[in-house]
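First up is the structure itself, then whatever we jot down about it.
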Amino acid sequence: MTNMMKALVKTKPEVGLWMERVPVPEIGPNDVLIRVRKSAICGTDVHIWNWDQWAEKTIPVPMVVGHEFMGEVVEVGPAVSKHHVGERVSGEGHIVCGKCRNCRAGRGHLCRNTLGVGVNRPGSFAEFVCLPEYNVVSIPDDVPDEIAAIFDPFGNAVHTALSFDLVGEDVLVTGAGPIGIMGAMVAKRCGARKVVITDINPVRLDLARKLGIDHVVDASKEKLADVMRVIGMTEGFDVGLEMSGAAPAFRDMIDKMNNGGKIAILGIAPAGFEIDWNKVIFKMLNLKGIYGREMFETWYKMIAFVQGGLDLSPIITHRIGIDDFRDGFEAMRSGNSGKVVMDW
């Protein structure tokens with residue numbers, strides 16, 4: 001194996017990414033080297049491409065970016081015992097310390113010292129990526145490559161949706177991006193009664209309909225209260241999944257929750273905004289912030305969903321070769337796409 005590889009690198013502190021030749025990562029005794037087959041583009045990668053304020057203060061330059069992927073193990077360190085050469089794998093993109101209180105209690109997703117693959121250390125927009133054995137996840141044979149490549153965002157959706165009991169509940173999802181749609185699909189799969197998803201982007205709303213979400217609301221044209229009345233809801237939503245990061249959507253969600261309702265919040269707002277805390281208090285709402293995936297309970301659940309027949313393939317709207325990565329980023333930046341998967 002050559003000691004150089006192709007990779008998408010943030011080489012300059014400006015808009016864009018560049019295909020470069022960089023050294024193949026060297027592995028330590030507890031590491032696994034993975035040949036990447038497929039990579040998917042995340043919203044985080046778009047922030048890095050755009051070189052916005054968050055990226056400017058977060059990303060060291062140069063940096064190989066990307067964290068949504070699947071591939072094949074090609075080398076393991078001498079202390080690795082759970083994975084072998086030739087194995088199909090994906091990986092948890094949050095590297096945790098293993099030493100803090102939460103890590104030692106089995107709550108790795110709450111680690112205060114988390115490092116992000118493709119953010120704080122070299123990522124998976126490359127021919128090879130190195131991960132600690134702990135972060136590598138085996139992919140069953142009946143899970144397609146392209147689905148395994150989007151397990152990172154699917155995990156965000158599963159973590160958010162499964163934060164609260166969904167059986168027989170009325171669920172509102174704000175934000176019909178890929179994660180919001182997948183969250184709505186999980187809610188339906190888990191036995192929610194009514195699942196309503198809102199957005200203002202017609203392309204994403206159409207995608208939600210194609211993926212079987214029954215009640216799709218264009219918030220720029222319809223009032224949520226009118227939709228609730230038409231579908232027979234009289235007391236408000238039991239569970240909210242906030243995926244948009246948009247102030248009007250979050251405020252509308254709080255207004256439409258039933259007393260005692262529960263809201264899981266994944267959407268990241270571009271700037272701070274106010275909500276009516278009196279409504280939160282007097283309606284006795286339960287608000288829970290969500291970040292990443294529970295390690296590794298969320299991974300077990302999402303593999304089970306796919307093996308149980310949940311078809312995520314329509315959420316992938318663009319399948320391209322890695323040399324066409326600019327087209328993939330253009331699709332993501334437009335807001336008029338589902339997931340974009342790139343083949344190495």
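The backbone N, Cα and C atoms fix where each Cβ goes, glycine too.
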Ask   = Of Ile179, Ile315, Ile316, which does Swiss-Prot put in the NAD(+) site with Asp199, Arg204, Leu266, Gly267, Ile268, Ile290, Tyr291?
value = Ile179
Key: Glu68 (Zn(2+) 1 binding site): secondary structure state under DSSP, collapsed to three categories   = strand
Cys111 (Zn(2+) 2 binding site) to Ile290 (NAD(+) binding site) - Cα separation in whole Å = 13
Remark   = CB contacts under 8 angstroms to Cys103 (Zn(2+) 2 binding site), restricted to the same chain and 6+ apart in sequence, sorted by sequence, are Val96, Cys97, Cys111
Note = Among Thr44, His47, His67, Glu68, i.e. the recorded positions, the one with its Cα nearest that of Leu266 (NAD(+) binding site) is Thr44
Query = Across all protein chains in the structure, which of the recorded positions His47, His67, Arg204 has the highest Cβ count within 10 Å?
reply = His67
Query = Per residue, counting other C-beta atoms within 10 angstroms of the C-beta, which of the binding-site residues Glu68, Asp199 reaches the highest number?
reply = Glu68
Remark   = For Zn(2+) 1, residues beyond Cys42, His67, Glu68 with C-beta within 8 angstroms of the site's Cβ centre include exactly Ser39, Ala40, Ile41, Thr44, Asp45, Gly66, Phe69, Gly93, Val117, Gly118, Gly123, Ser124, Asp152, Pro153
